[in-house]
Amino acid sequence: MSYGDISYGLQKQVSVMSMNLSAKLDDLQRGDRHLETTVALCEIRTQLQELTKSVESCQTEVSEVKRDMVAIKHELDTVQQVKEEIEELREYVDRLEEHTHRRKLRLLEQGLTFFLTYAIFAAVLGMLQFGYNTGVINAPEVNIENFMKDVYKDRYGEDISEEFIQQLYSVAVSIFAIGGMLGGFSGGWMANRFGRKGGLLLNNVLGISGACLMGFTKMSHSYEMLFLGRFIIGVNCGLNTSLVPMYISEIAPLNLRGGLGTVNQLAVTVGLLLSQVLGIEQILGTNDGWPVLLGLAICPAILQLLLLPICPESPRYLLITKQWEEEARKALRRLRASNQVEEDIEEMRAEERAQQSESSISTIELICSPTLRAPLIIGIVMQLSQQFSGINAVFYYSTSLFMSSGLTEESAKFATIGIGAIMVVMTLVSIPLMDRTGRRTLHLYGLGGSSPGGHNILHHRTQADSGALLLILQ
């Protein structure tokens with residue numbers, strides 16, 4: 001009910017009562033009897049009481065209407081205040097988007113500096129180490145088997161069987177992968193415990209130890225030392241596969257992270273090719289030269305020990321893990337060759353906030369989650385397609401496979417070098433093609449060309465590798 005309706009009703013009621021009172025007074029003036037006067041006065045008193053109640057009721061309703069109007073005014077003020085806050089928030093969001101856009105443009109304008117290139121080269125020596133030790137065992141297979149035969153005959157006074165010598169050589173090959181698996185599992189812990197740069201420096205102790213053991217294998221007349229050296233260098237390479245990409249991605253500018261990620265694979269293929277070239281008979285692929293060939297794995301480790309201490313620690317590790325903002329700024333200034341590093345700091349802070357807002361899940365929850373099942377299956381199948389393509393068997397046994405196909409030992413080694421050269425070339429070619437054709441298309445083309453050969457190679461080495469696994473377990 002509005003304020004006007006209440007006033008109109010009250011006026012009407014007062015008018016009616018006034019008319020009744022006037023009529024009663026006229027009756028009193030015309031009448032003589034006392035009884036009628038008394039009755040009329042009682043009626044007037046009753047009507048006056050009703051009028052009083054009506055006035056009081058109207059006053060109460062008027063007060064309620066006033067309170068409602070005050071509440072409505074307060075709500076309107078609140079709505080207006082909310083509108084102003086929304087406008088301010090919208091302006092702030094617009095300014096923030098504009099600032100973020102400018103910051104991204106500045107980040108995308110960052111390029112390679114001399115010191116950044118130097119740091120990437122120093123770090124990527126770890127992946128060169130991985131590639132070198134993956135392929136170095138391939139070319140001198142016959143020389144290593146002859147060494148094992150001589151050691152066995154000197155120890156036991158009898159010739160070793162061809163089946164057992166194949167198993168021993170397979171142990172030398174596969175124990176590298178076992179060490180790599182252990183190193184890969186430890187990479188995350190080592191990176192957080194000692195830092196990316198610190199982990200790489202400490203890892204070189206393993207690289208030097210493993211290289212020395214392999215290099216002095218023939219001098220010690222013990223093929224067990226070869227196994228131990230291959231295992232230790234495997235742990236070293238497994239750690240490198242975790243630490244090196246992590247370090248490079250964290251020191252690289254935003255616009256170069258994708259391209260610099262392919263530097264790791266390029267270093268691996270270059271290391272493979274280098275080991276295959278040095279393994280030919282004209283260089284180190286001889287009965288006297290193969291220990292030097294394996295021992296040369298010490299060179300990347302020593303070179304990294306000399307170059308890496310000058311490089312800064314990962315700015316992301318310093319800022320997010322250690323909360324050392326000033327140290328992170330100093331590292332960024334050296335890497336970017338500029339004092340304008342606020343955009344990088346803000347970008348890392350935003351990444352930290354995004355990580356904190358994400359909920360962590362366990363492995364069981366990952367496997368059981370329906371929404372994550374498809375990405376999980378895709379990731380597993382991608383890895384299996386790489387491992388089961390047969391390329392690892394090519395790394396380790398291509399020389400013997402070519403010899404079993406009718407090539408001479410020297411020709412087989414040159415054919416292996418051809419494989420390594422093709423891998424380097426295709427790695428270089430895939431860098432520009434990756435953004436043009438897409439990852440999926442390139443991967444499908446690669447699988448289409450490699451699968452048949454991969455199945456044949458895997459079948460060829462199944463028996464020897466199975467025997468090697470039994471020897472390791474024993």
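Every residue, even glycine, has its Cβ placed from backbone N, Cα and C.
Per TrEMBL, these features apply:
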- 48-102: coiled coil (COILED)
- 112-132: transmembrane segment (TRANSMEM)
- 119-474: domain 'Major facilitator superfamily (MFS) profile' (DOMAIN)
- 168-191: transmembrane segment (TRANSMEM)
- 198-216: transmembrane segment (TRANSMEM)
- 228-248: transmembrane segment (TRANSMEM)
- 260-278: transmembrane segment (TRANSMEM)
- 290-310: transmembrane segment (TRANSMEM)
- 376-397: transmembrane segment (TRANSMEM)
- 417-434: transmembrane segment (TRANSMEM)
**OP:** Give residue numbers and ranges for long-range contacts of the transmembrane segment (228-248): same chain, 6 or more residues beyond its ends, CB-CB under 8 A.
**Re:** 120, 123-124, 126-127, 129-130, 133-134, 137, 172-173, 175-188, 190-191, 196-197, 199-200, 203-204, 206-207, 209-215, 217, 260-261, 263-264, 294, 297, 301, 314
Original post:
Taking pairs 6 or more apart in sequence, does the count of Cβ pairs under 8 Å between the transmembrane segment (260-278) and the transmembrane segment (168-191) hit 3 or more?
Top reply: no
Subject >> Recorded stretch that, among 168-191, 198-216, 417-434, has the most CB pairs under 8 Å to the transmembrane segment (290-310) >> reply: 198-216
Original post:
Over the coiled coil (48-102), what is the model's average pLDDT?
Top reply: 80
